[in-house]
Each structure stands twice: as C-alpha cells, then as structure tokens.
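*Asks:* Pasting a structure below so you can have a look.
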Amino acid sequence: MFEYIKDSDIKALKKYKYSSVDKSLVQKYILNPYWCWLVKKVPLWVAPNLITLSGFMFMVVSVILLLIYGSNWEEVPRWVYVCWGINLFIYQSLDAIDGKQARRTGSSGPLGELFDHGCDAINTTLAFICILSALGIGNTFTCVLTVLAALSNFYVSSWETYHTHTLFLSYFSGPVEGILSGCILLITTGFLGPKFWSNSLNQVLGTSNEYLNFPLYNLICVVTALLGLFNVVCSAINVVNYTKDHNESLAKKSLGLVPHLLICGFIMLWTKSSSTLIENNLVPFFLFVGFCFGHQVGLIIYIMLLKNLSHIGIVSCMAVSTDFIGLAEKYNVNLFKGLVKAQNYRDAIIDLLKGEGLNVVVFERYVMWGLFILAFMMYMEFALYVINRLCGIFDINCLSIKHPKTDMNTNVEKPVYTVSTLGKKLISPESPLTSRKRRNRIYCKKKFL
C-alpha cells in the first residue's frame, strides 16, 4: 500500500485551516436560512461525515434505479425522475449542513474537507448520468462532452483552491444553482416526460423562427457549457491574480492542468474510436471515469492539506486505463471493434473452445464493468488509507464524534476548593452551587466544633 501521508506531513496537517468565499445570492438569501434551520434539527451526537455519507447514499440509490430501469438510457417510469430530483435536493441539503454541524460539534478538520470534496467529485458524475438520462441524450457524443465539461469545471475549481488556498464559488456555481437547476429539470421530466426536451424551442414558444428550430436539450447543454466556461475563466483569473500578488510562477501552476487535459483528450479519443461504447456501454464507462476523477481530485485535496509539492508526482488511477489500452494496442488486441461475433458471454466461451475469437473473449461491456471495479477498488484503497491515517493522527472517528464538544450555553459547575489552616481541600462539584466564602465558613464551623 502506498504511504500517502508520512510522519513529516503531520505538522502541516495540524496547521491547516479551511477558507471559502461564496458569492451566490441564492445561497445567501434563500438556501442559507433553510440550511441553518435544518442543521438545528440534527442531534449534536451526529458526526458531520455521517451526514455527508448519508446524502451521498441517496445519489447511489438514484444510480441503482437507473441501472434497474434504464441501464442503456431507456426511458424509465415517471416516478423515478421525481425520485432522482428529490434525492439530488436531499444530497445538496445534507452536503451543505455538514460543515455547519462540524462547527457546532467542534469537529472541523482536514478529514471533513477531504471526505466532503471526495463525495462531491464522484457525485458530479452520478448526478449528470441521471440528468442526461432525463434529457434523453444518453447515447450521443454530446452526452460525453457535457460530462467532461462538468468534471473540468470541478477540477479547475479544485486546482484554483490548491493554489489560492481558498475555495471560491461564483454567482452561479455548481453546488448551489447547478444542483437546484438539476432538481427542477428532473422533477419537470417526471411530470412531462423525457420527450418534452426533444421539442424545438419554436414548439415550446409557439413561434416559427428558423433560428429557434433546435431541441431544448441542446439549449440546456449549451447553457451548461457556457456557465462552466464562465466559472473556469473566473478560477483562472483568481489564480493569475494570486500569482501576481505573491510573485510566483504562473507557468509552474499551469502544469497542474495538463493531467486533466490529457485525460479529457483520452476519453474523447476512446469514445470516438469505439463503435459500440456510446451506443451500448456508456453508463459503466461514466462510472469508471467518475471514480477515476474522484481519485484524481482526492489527490489534489490531500496534497493541498499537506502543502507538500513532493507529492504532486502521484499518478491517478486513470493511468491504469491508459496502460490497459497500451497493452491492447501493443499485442494487437482490439477490444472495441467487435472481433467477437458472439452475442453473449456463453457463446464467446464456446467460440474460444472451438478455436475462434482467440484474440478477444470479453465484450466491451465486461471490460467497462471490470475497469469500473478496478477504479472503485483503487479509490477505496486511497480513501480508507487516508481516513484511517487522519483518524489516528487527530484521535477522532470518521463517522462518529469521539470527543463531544461541551455546550458553552449551559452552566457547567466547576470544582470548588476551600482554604484553611490544613491546606486546600476539594469540595465535590456535585454539591449545590454556593459561594466560596460560605463554603469556607461551613468548613471552619465543622472543624472547630
């Protein structure tokens, strides 16, 4: 197992402090009052990470429903869309109050930030899988570009936080307005159906303008891309300004974007080189990419916590998939051109026993699910190691509060001492509150009587 956190990194971990700036007006005037009300309903014994994990599990349920009813982007029952919208809103609510609960219970720390952002990174893919299914564009290359735009927005935001040491959320950000828009879209689909988004803007508005003769889902994808581009530009400007103020090298900081750009290019080439990936196996592929991305963002967050650039050379688990494809090309094994003509795994084994199809015996869907399992295992290996290490360093539990915070609003009676010629004597703190002078008089009377 790779040693992510060394003993020399503990000092930097204990000095870390979370910093954020949120300019969202919706968050300030609408959601924050609701979140403050909601967090007061949570008992003080509930750990912040347990709140985060509970919200994430609602999104896992949403993906399970997708795999049951529409694993290949088929139209699902209407109630499923409504359930997705409600689960997404619950996720946002619980994700927003975990930090408030941490401050209430005095359990804020590096583990909470790593746990929170790790779930957010994976949820970006899970949420967009549900949203794209609701739009009815799952089997298109537009779907791939939309997911990459969302992941790039999140990655650049993490890159900005790493270099400026502050999380900036603009007037329109993914965690606030983006999730709210997704909730509205999903619930609307539950009432109108996914085919509604295939209507042209002319049909919706009742006009006949030739410039408005395009489907609604294209408009939604374009708006999403433009808002993501706006946030990316804002993040880049913040990094440039920070670099100028601190006389640091902008070129060196920009190198942090190279791995993600290479991964995006790799994903687009992969989807374009396969004739069946987009049509049949895009859901497991997105799950694979989502956990690879979560691992990549987790590495950025933990490097930021340690403030140690020597860890920047750690390779994300996406590299494993690159090596996999490289081996396939090296040995002339084409996994994506349908060399195996069998229609199922059983027929593929029979063809292999007959001497047919010796180059490839596994369909692309099994390859995708296998890569997803590999990415999931690597992500969990990283997550469990870091969680156990941080719990040991800070003497805390991940999903429970080991050292409850004393409520400052209650009058906790402190031990009271009396002083006499015999010295200092402790009076039980469980006795009724009385003044020290009265306790001294009582003690003296008992002594001389």
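Including glycine, each Cβ sits where the backbone N, Cα and C put it.
Please treat TrEMBL annotations as automatic predictions, because they have not gone through curation.
Feature annotation from TrEMBL assigns transmembrane segment to 50-69, 126-156, 168-192, 216-242, 254-271, 283-305, 312-328, 366-387.
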*Asks:* Would the transmembrane segment (168-192) count as touching the transmembrane segment (216-242), i.e. at least 3 C-beta pairs under 8 angstroms with sequence separation of 6+?
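*Replies:* With 3 or more qualifying Cβ pairs, these stretches touch.
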*Asks:* Please tell me whether the transmembrane segment (254-271) and the transmembrane segment (126-156) touch - that is, whether there are at least 3 C-beta pairs under 8 Å between them, with each pair 6 or more apart in sequence.
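*Replies:* Stretch pair touches.
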*Asks:* Counting only residues 6 or more past its boundaries, what in the same chain has a CB within less than 8 Å of a CB in the transmembrane segment (168-192)?
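*Replies:* Counting only partners 6 or more residues beyond its ends, the transmembrane segment (168-192) has Cβ contacts under 8 Å with 20-27, 31, 78-82, 84-86, 88-89, 91-92, 95-96, 120, 124, 127, 130-131, 134-135, 150, 153-154, 157, 160-161, 220, 227, 230-231, 234-235, 238.
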